[in-house]
Amino acid sequence: METTPLNSQKELSACKDKEDCQENGVLQKGVPVPEDKVESDHISNGYSAVPSPGAGDDSQHSIPAATTALVAEAHQGERETWGKKMDFLLSVIGYAVDLGNVWRFPYICYQNGGGIGYAICIIAFYIASYYNTIMAWALYYLISSFTDQLPWTSCTNSWNTGNCTNYFSGNNVTWTLHSTSPAEEFYTRHVLQIHRSKGLQDLGGVSWQLTLCIMLIFTVIYFSIWKGVKTSGKVVWVTATFPYIILSVLLVRGATLPGAWRGVLFYLKPNWEKLLETGVWVDAAAQIFFSLGPGFGVLLAFASYNKFNNNCYQDALVTSVVNCMTSFVSGFVIFTVLGYMAEMRNEDVSEVAKDAGPSLLFITYAEAIANMPASTFFAIIFFLMLITLGLDSTFAGLEGVITAVLDEFPHIWTKRREWFVLGVVITCFFGSLATLTFGGAYVVKLLEEYATGPAVLTVALIEAVAVYWFYGITQFCSDVKEMLGFSPGWFWRICWVAISPLFLLFIICSFLMSPPQLRLFQYNYPQWSIILGYCIGTSSFICIPTYIAYRLIITPGTFKERIIKGITPETATEIPYGDIHLNAI
């Protein structure tokens with residue numbers, strides 16, 4: 001891609017029709033300039049074309065500044081922007097605050113005691129293939145909750161086994177090592193029907209119930225994003241704020257349960273020895289990346305719809321604080337219930353949830369809700385909260401892909417956005433079919449551990465190296481100053497140039513040296529599944545070395561010259577009048 005440093009003062013020449021002109025050493029074909037454009041000093045998306053000093057009556061203009069090295073390309077019509085600043089902020093917060101805060105963060109604490117653009121698009125597709133399945137499970141629970149007695153409260157259903165033990169019945173029931181709760185059997189045998197699968201080698205058929213649920217989820221997603229950020233920006237007013245209301249209600253309820261203090265104590269008491277384990281740091285890094293979302297391209301896509309002088313520094317701090325505080329508070333919501341479960345079972349909190357991940361929500365928390373007063377009400381609002389948490393993150397993830405393609409091929413897709421979005425949603429639906437099988441939960445865990453986490457960390461590392469080393473930290477800080485009026489301090493510079501890349505490299509190497517041994521319920525993943533996981537993760541990352549090799553092949557000169565040119569930002573050869581098409585590195 002052709003790029004230019006943002007604060008450079010390049011001259012923009014308006015050439016006559018059918019004439020060739022040479023600018024900055026690059027031979028260009030003349031670009032016809034309509035009269036109504038010559039007088040214009042406004043370029044869409046908040047950029048202004050300011051006459052160059054000494055230009056006089058010439059039609060020369062300076063290139064507008066931007067936040068990264070960008071490529072400019074003409075297309076018809078104004079590029080849309082956010083309706084309100086709050087739409088953008090809620091969208092970013094809604095993307096950051098998702099199921100990871102309520103599901104992933106608590107179980108991470110539980111376990112541990114206490115061609116970049118192409119790669120991003122493929123990673124986003126993998127996430128859409130399993131992330132929406134979790135929402136389909138939540139929707140199934142939500143529909144099942146509209147009853148006087150929740151179906152996971154008894155052992156008399158057709159899906160129950162002889163090991164089903166309802167210790168909440170008050171009949172002096174003894175809990176043994178072979179006992180299973182009604183909530184566990186509802187989740188595993190009725191919702192997932194995982195007993196009908198032998199493992200990854202035999203996933204079994206597709207659950208039609210979950211298929212209908214995920215079709216409804218994708219329908220809601222489509223009509224929320226098909227018109228662009230002006231539509232999704234309004235939807236997030238509900239999906240991003242509703243979870244906080246529900247979290248507050250559940251926190252108050254959880255704090256009043258008997259034994260809640262046991263869960264809180266387990267949550268807040270640090271296990272300092274765990275800090276010496278690399279697995280803890282890997283989990284922490286993955287949690288931050290899955291929660292805040294750097295490296296996924298979503299934040300770049302959302303920010304591209306902002307005005308040029310938007311205070312991204314303030315937005316980043318607000319989003320990070322809100323995200324971390326939400327994770328911290330949601331931990332209390334989950335662990336008060338875990339303490340309640342431990343009290344009822346007469347077990348330690350560490351023994352309550354045998355399986356991490358979604359099981360923490362769909363078994364442990366669901367079971368606790370079922371035995372609260374007004375259980376139907378709490379079940380409905382809880383699973384509705386899970387769905388809204390997932391929806392705004394899905395909006396964001398898909399919008400990152402959609403924005404990338406529409407900006408790359410504006411003449412083809414700009415006026416056909418609805419059809420392109422429909423194609424993306426249908427593709428994601430078919431991609432999720434493997435997770436809707438009877439053994440789909442095994443696929444979800446495999447994709448979560450191998451397909452996205454390591455690949456995202458690797459992409460983020462390469463992004464950091466590309467921007468702060470090749471593009472240059474000095475040039476980057478100069479761009480930030482042109483946007484915000486001040487330059488980042490030494491703390492940020494040191495973090496960007498050294499600390500962050502080195503820490504990411506450490507995390508990636510730790511993962512490669514000690515890959516997680518996967519286990520779900522009673523199923524131990526075979527060794528070949530780990531190789532499969534690496535292959536899936538590599539399939540997204542392979543875009544980067546492939547494009548590097550392609551650029552080296554097509555670039556003229558000696559090998560050394562090709563390398564130097566490949567890591568040097570390119571200058572724009574042409575910036576037509578009118579709307580500007582922007583692509584990040």
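Including glycine, each Cβ sits where the backbone N, Cα and C put it.
Fair warning: this is a prediction, and the values are worked out from it, not measured in the lab.
Annotated domain 'Sodium:neurotransmitter symporter serotonin N-terminal' per TrEMBL: 24-64, in sequence order. The Na(+) binding site feature in TrEMBL is assigned to Gly94, Ala96, Val97, Asn101, Ser291, Asn323, Leu389, Asp392, Ser393. The transmembrane segment annotation in TrEMBL covers 116-143, 206-223, 235-261, 281-305, 317-342, 377-398, 419-444, 450-471, 491-513, 525-550. For Cys155-Cys164, the entry in TrEMBL reads disulfide bond.
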Most crowded position, judged by CB atoms within 10 A, among Cys155, Cys164, Leu389 as recorded positions: Leu389
Cys155 (disulfide bond) versus binding-site residues Ser291, Leu389, Ser393 - nearest by Cα: Leu389
Neighbour count (Cβ, 10 Å) for Ser393 (Na(+) binding site): 29
Cα distance (Å, whole number) from Ser393 (Na(+) binding site) to Cys164 (disulfide bond): 36
Averaged pLDDT score, the domain 'Sodium:neurotransmitter symporter serotonin N-terminal' (24-64): 38
The transmembrane segment (450-471) and the transmembrane segment (377-398) contact flag, 3+ Cβ pairs under 8 angstroms: no
Cβ contacts under 8 Å made by the transmembrane segment (116-143) with residues that lie 6+ beyond its boundaries: 99, 103, 191-192, 209-210, 213-214, 216-218, 221, 295-298, 358, 362, 366, 379-380, 383-384, 386-387, 390-391, 393-394, 397-398, 400-401, 404-405, 427-428, 431-432, 434-436, 440, 443-444, 447-448, 451-452, 455-456, 459, 462-463, 466, 536, 539-541, 543-544, 547, 583-585
Cβ packing number for Ser291 (Na(+) binding site), 10 Å threshold: 23
